[in-house]
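Undergrad: Per Swiss-Prot, the feature Na(+) binding site maps to G75, T78; the stated evidence is sequence analysis. Annotated transmembrane segment per Swiss-Prot: 5-25, 35-55, 67-87, 96-116, in sequence order.
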Amino acid sequence: MFYSIVAIFVGAGFGALLRWFLSIGLNALLPEVPLGTLASNLIGGYLIGIAVVAFATRAGLPPEWRLFVITGFMGGLTTFSTYSVEVMTHAVQGEFGWALAVAALHLIGSFTLTGLGMWTARAWLAPA
């Protein structure tokens, strides 16, 4: 149990730091669509697609690696709560078009990149 807790804790820290760096670097570029949050969710969607397939095909890996990557790192990197606030801020200000655009970008983009990540992992991990 101790190693599981440490794996999640460390992974979440790294994921949160990456999210913070992305926000610092990208959010000011287009304030209507905070690109740092979008990048966090899209990158996270792609990486979790890879991770799910990789862990499913590598059953011998210690469970702490899955906890580190999926529960910790992806949990720290991706952010539904920030996304929700950004969408609702537009809606409350009467900017319904922006609210819909931000919501659609995150949802469609994340689903697309998760599928692409799964496809990538299957291609990489396919028997030669």
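These residue numbers are counts, starting from 1, taken along the chain as shown.
Keep in mind that glycine also has a Cβ here, set from the backbone N, Cα and C atoms.
Note that the coordinates shown come from a computational prediction; the quantities given were computed from them, not determined experimentally.
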Undergrad: By a Cβ-Cβ criterion of under 8 Å, what residues six or more beyond either terminus of the transmembrane segment (5-25) are in contact with it?
TA: 34, 36-37, 39-40, 43-44, 64-65, 67-69, 71-79
Undergrad: As a test of the contact definition, list every same-chain residue at least 6 positions from T78 (Na(+) binding site) whose Cβ is closer than 8 Å to its Cβ.
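TA: In sequence order, G15, R19, S40, N41, G44, G45, I48 meet the Cβ cut-off.
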Undergrad: So what sits near G75 (Na(+) binding site) in its own chain, CB-to-CB under 8 Å and at least six residues off in sequence?
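TA: Result: I8, G11, A12, G15.
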